[in-house]
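Taken verbatim from Swiss-Prot:
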BINDING   Q792, H824  heme b binding site
COMPBIAS  1-11  compositional bias 'Basic residues'
COMPBIAS  353-384  compositional bias 'Basic and acidic residues'
COMPBIAS  554-566  compositional bias 'Polar residues'
COMPBIAS  1301-1315  compositional bias 'Polar residues'
COMPBIAS  1325-1340  compositional bias 'Basic and acidic residues'
COMPBIAS  1433-1450  compositional bias 'Basic and acidic residues'
COMPBIAS  1451-1468  compositional bias 'Polar residues'
COMPBIAS  1487-1498  compositional bias 'Low complexity'
COMPBIAS  1499-1511  compositional bias 'Basic and acidic residues'
COMPBIAS  1512-1522  compositional bias 'Polar residues'
DOMAIN    70-411  domain 'Calpain catalytic'
DOMAIN    763-890  domain 'Globin'
DOMAIN    906-935  domain 'IQ'
DOMAIN    936-968  domain 'Globin'
Amino acid sequence: MASKQTKKKEVHRINSAHGSDKSKDFYPFGSNVQSGSTEQKKGKFPLWPEWSEADINSEKWDAGKGAKEKDKTGKSPVFHFFEDPEGKIELPPSLKIYSWKRPQDILFSQTPVVVKNEITFDLFSANEHLLCSELMRWIISEIYAVWKIFNGGILSNYFKGTSGEPPLLPWKPWEHIYSLCKAVKGHMPLFNSYGKYVVKLYWMGCWRKITIDDFLPFDEDNNLLLPATTYEFELWPMLLSKAIIKLANIDIHVADRRELGEFTVIHALTGWLPEVISLHPGYMDKVWELLKEILPEFKLSDEASSESKIAVLDSKLKEPGKEGKEGKEIKDGKEVKDVKEFKPESSLTTLKAPEKSDKVPKEKADARDIGKKRSKDGEKEKFKFSLHGSRPSSEVQYSVQSLSDCSSAIQTSHMVVYATFTPLYLFENKIFSLEKMADSAEKLREYGLSHICSHPVLVTRSRSCPLVAPPKPPPLPPWKLIRQKKETVITDEAQELIVKKPERFLEISSPFLNYRMTPFTIPTEMHFVRSLIKKGIPPGSDLPSVSETDETATHSQTDLSQITKATSQGNTASQVILGKGTDEQTDFGLGDAHQSDGLNLEREIVSQTTATQEKSQEELPTTNNSVSKEIWLDFEDFCVCFQNIYIFHKPSSYCLNFQKSEFKFSEERVSYYLFVDSLKPIELLVCFSALVRWGEYGALTKDSPPIEPGLLTAETFSWKSLKPGSLVLKIHTYATKATVVRLPVGRHMLLFNAYSPVGHSIHICSMVSFVIGDEHVVLPNFEPESCRFTEQSLLIMKAIGNVIANFKDKGKLSAALKDLQTAHYPVPFHDKELTAQHFRVFHLSLWRLMKKVQITKPPPNFKFAFRAMVLDLELLNSSLEEVSLVEWLDVKYCMPTSDKEYSAEEVAAAIKIQAMWRGTYVRLLMKARIPDTKENISVADTLQKVWAVLEMNLEQYAVSLLRLMFKSKCKSLESYPCYQDEETKIAFADYTVTYQEQPPNSWFIVFRETFLVHQDMILVPKVYTTLPICILHIVNNDTMEQVPKVFQKVVPYLYTKNKKGYTFVAEAFTGDTYVAASRWKLRLIGSSAPLPCLSRDSPCNSFAIKEIRDYYIPNDKKILFRYSVKVLTPQPATIQVRTSKPDAFIKLQVLENEETMVSSTGKGQAIIPAFHFLKSEKGLSSQSSKHILSFHSASKKEQEVYVKKKAAQGIQKSPKGRAVSAIQDIGLPLVEEETTSTPTREDSSSTPLQNYKYIIQCSVLYNSWPLTESQLTFVQALKDLKKSNTKAYGERHEELINLGSPDSHTISEGQKSSVTSKTTRKGKEKSSEKEKTAKEKQAPRFEPQISTVHPQQEDPNKPYWILRLVTEHNESELFEVKKDTERADEIRAMKQAWETTEPGRAIKASQARLHYLSGFIKKTSDAESPPISESQTKPKEEVETAARGVKEPNSKNSAGSESKEMTQTGSGSAVWKKWQLTKGLRDVAKSTSSESGGVSSPGKEEREQSTRKENIQTGPRTRSPTILETSPRLIRKALEFMDLSQYVRKTDTDPLLQTDELNQQQAMQKAEEIHQFRQHRTRVLSIRNIDQEERLKLKDEVLDMYKEMQDSLDEARQKIFDIREEYRNKLLEAEHLKLETLAAQEAAMKLETEKMTPAPDTQKKKKGKKK
């Protein structure tokens, strides 16, 4: 610390007062951290050290030694005061710092002191200029809250008395400060002129030592910007606040304008764990039950009621400005300015009620820890309710009972509750949040709180009864109790039932109550206010309305005066509930006959309230009392006002505590496993502290991304499934949060995952025992039986003992048998068959247990005694005694021992005899159950002897009995409660091997063993290793199938019982660094014992690796290589292939007699983890040359050269003999692999002469290994070298040599990788080869191989591959791998035989073939087809035959003749070009491959695919040697005159590898097609438009023509109509004249007729009518 004191560097922090170096050296804990480096960077400081009293006692409080040390460093000690090396603290934006001053700079007349008054303090009066800051309000409020929690009761009793010594306070805020004192109890810090102080605060899981200086911030008006008391020279509030602000600055503020995040001052001052609960409307009832359990409850009593009445009378007599014991209501008129006068009475008021309530049956907290104890008789309701919607209520009765697991005495956990509300910010985006904030602000004003001044309020008590006991009703005369009449209400309307609202109130305490607030009343119910809109009158009526102002006012006064009776019942008489009376009136009703008893009193209270309302704002005092004030809130209003409640748990009140802190700058998640097993419901308090930034790490700037909060999750975990468990806990925090996890009865496994960028601390408390830690710590706890399992087994075993003990007692035997049945058969089943099965399982298990525990020979009547106890005759048949329980469940009847058929008479006689004996035996058993009989005494004595043995180790035998029952897998056992714990029961076994140091980029096998599975079970293997890459493979040896993996990890899998077991293989890859020797552990986790066991005693860790390296030469069959394997003894092997191209798809196969036994595909590498090679029919030395593929050996001269090369290369090899390659991206073992297999044939002793011929074949898939131009050039050079070697060998073909050429076989035996001497090895091979060639009459043809790939020759630009075969160290010499050239050797042997029989046959055949081809191939000019060289045209078979069949002169002559002929016939290549493009090429390839005989079907398809691709991409090409190898009879002469290229489709049906070049080519083709289509479409559309325009013109012309024709027709028609009309009119006029003439004539005739008629006749007629 001395070096720190002399630091003069100004540290400018970024949103934090601290910095840190990311190195691990900056995390010392448990000791005083001293930074002695003089070159420490700015902003980088270690975490605050853990608290140590020894460090404080040895602390240097002045410059002293530090100045001398600075002299040594070359810096003069100019400053004689301490300056915090972490820099100045950062205050919220609402407080503007203008200057920093020391106490000596502002106090000239007095000497500063740390503590002035040890009994009282006032942090309110002198700090009103700070109350605009949310951070300062929280600091002041929470210091008051802690003071009230610890010292409220003691000070209340102290101020009651008139005299006495000052009390001994349990908590003093200045005791967190240390200066010039020792770390002892009750120390007093002193003023330090040097300015160095140490503060003790709780942070990140432990008490920390925080060093501060005494520089104080001031604003422009010279106001101190830190809380202070009324004594300006008292320093403890400023010093304590500086340390608290340091902690608060670490927190991340979620809202932009919030000054305080999730940091809580109470947690820093006490170390109590804050549980945060959001007040959600759906869980209000559960929150009330929780608070009712936690908080002390107010209860009515005679003494309390009398004191309350006296307090009410006193409050009326006191002045409005003075507050008494119960004077809260008149307090609103004028607040007291004298703090000393008010404080004693307020403290007395606050804490007296809990003292009186101690007489109530529910226990209350003492004066020191009031409000922190849980009630022992709390409700048993089980629910979950937390920050995320599920938080369990504290079930105290179970927690207390579960303390039997702890050694401490029974106690309850202490808790403190306070509530918070969010300030109303206008930048809130969510409109619903704004609505809630508005409602909250309105309610808070009613209770004298301001939503602007957000701060925590302490919740002190709960109340479920009236504050003042209602007066008792007068006693009724006895005669009125007889036949009471119901009160009748005369009305025609239905009566509404008034539901009485339950009384639920909470008392809160806050120093900001009524701060700068005008109390007012807001009536919420208007029962007496009548509506102006009367019934039957529309709203728009013109009738004048009657003013009801006076009446309404009168009613409101009456309303308030009447309701205040309910108010007095709902709120304390000394405190105001503004606007709440009407609500309670509705709940309690107006029908109470005794409501008017307190009417006058309440009217006076209302008048005082009204007088207060009439005062102007200027008359309100600007100061407030520094002591917390209390008020009762209705619970519903409480939920509206506040958004969160904090429950602080005292960790020391819990039986068990676990703490773990981890600090590292890492993004990794830390996992903890938790085991808990209890017979009672489990409650775990989980507290999580996260450190998300420190110093420069995570510094907040404008452009920086948001910092993620710390995260802690807890989920149920099971090793038997990959499915994530159900989430039971999720905590997001930037500081510290806690929650309670509720688990049901039983055994549980939880997985905690903690994430925090810088560090975290986890603290778990519980009343039940639990185990938490790493997997190896927790896992052994799941092997024993669970508590419920043991309890159930003991219950059954004790019931059995009770039956045996009372077997002689007639009265108790039947009850004991019923108890036994209840114990093992708790839930009756309706299924008779299942019930019978359950009883059989129980009886058989009990019989096996009793039989097993017999140390000596059992008594003769042992079986009879057991049957007498259980009364089961069919149980102990001899045929069923040794059958397993699972098999026995399915056996109901005994099968006859013979198949002999009996007659009906014999069967009837046997049944009769059996029935007689059975009846006799049953009567004996029943007689043995009758007490005082001879049989009963004998049976009882026998059972007592058995019980004596069982009772010696009762628990062990009880568990064995129940486990036997569970092994039967009977469905009835699922009804046992302990059956749920079977999911968490496990058994595990560890297997450890060691591996040696490995070089970089090396692949090796760590573990390979076969495990035998005795029974079907779910198993999960887990690997523990430090290797960077390690993959475990598990192979079923019966089916050769691999157990599935997810993300390269073996999943939990049901392993069935098989014959050959399962092989576990672990492969590893070292990566770019050296891997030191270490241990590798495999853990097998199963559901039950016995687990699979090794096939031998101990695992093997010594393996031999054979490496074969060679270059990839493309071929038509796409085969990478083929190697034959011969073994002398059956043994397993691991096969791995790696290619230089990391994205090449390859397929690795093991063929047995050309049949695929197992295959694996991979990208860049492929592995067959385990394959068991069987012994061949004969030994390797006795095999014929046709079936033996030994290592190739070169000629004498080549051997010498090869040995020299090897000697030169050996120097550059690694010391272990394994090649060290710099290639990083080849052979990564994390490549996904697919392994397929064919069911293997069972080993049968009936076929002992079977010859196993194994071939290891690897092929390239999808043409995924295209070679670049440089690689093609390199491969072509290899081919030319191979041809030259072939010709060179042809000159000495008479020499007898062995097959093949030496490959690069690097043999790595064990992990030591010791390389066998090449010279010795070759000598042995040479001698063995000489013996073989001496026995063989004809040696096979030697086909030399290109020089092998050596470590120094590994070039990533060259296409090479590596084949590794891993066998065990002691079996490596019995495992031979040779190149497979059997088919080529057979062909060459056949040709050699023909050539030996008939010399010159090969030359003749070649000439005949060329002559035949030249006869029909169409000839072209030399310009079209240039001469073809001999190497390009000579078929491979011809070259081989020429080299083997004739001598050197003959071969030269034949070669020359062939060259001449082929030059003449070279013009026929044009026909071959056409022939390549025809469909007949496929038939040719098929027929050719079928004739060759040794080519597999995959090879055919790949060759056809390659040929088609070449034809399509390259088009016509020159004649190739591959086509010349085709048989001449397949070429038809008709092809010369037929061009079939137009009928050949240019698409390929076989799959091709989608490369970038192919994608680009396809994209270009598609774009060209689209472009052409668009052009064609444009042309078509333009033509269509032109046609349409022409059609429209033609249509218009036709219409015009038809219009003209119609007009002319109309004109002609009109002319005709006019002439016709004129003629018609003439005719009509003539007809009209004619008619008129006729009419005139008729009229004249009628007139003449009338004249001629006589008149008398007319007169006669008239007379006749009169008559």
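Glycine is no exception: its Cβ is also placed from the backbone N, Cα and C atoms.
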Distant-in-sequence neighbours of the domain 'IQ' (906-935), which means Cβ under 8 A and at least six residues beyond its ends: 808-810, 813, 864-865, 867-868, 871, 873
All-chain count of other Cβ atoms within 10 Å of Q792 (heme b binding site): 23
Local Cβ density at H824 (heme b binding site) - other Cβ atoms counted within 10 Å: 26
H824 (heme b binding site) in three-state DSSP notation: helix
Q792 (heme b binding site): secondary structure state under DSSP, collapsed to three categories: helix
Predicted model, mean pLDDT over the domain 'Globin' (763-890): 84
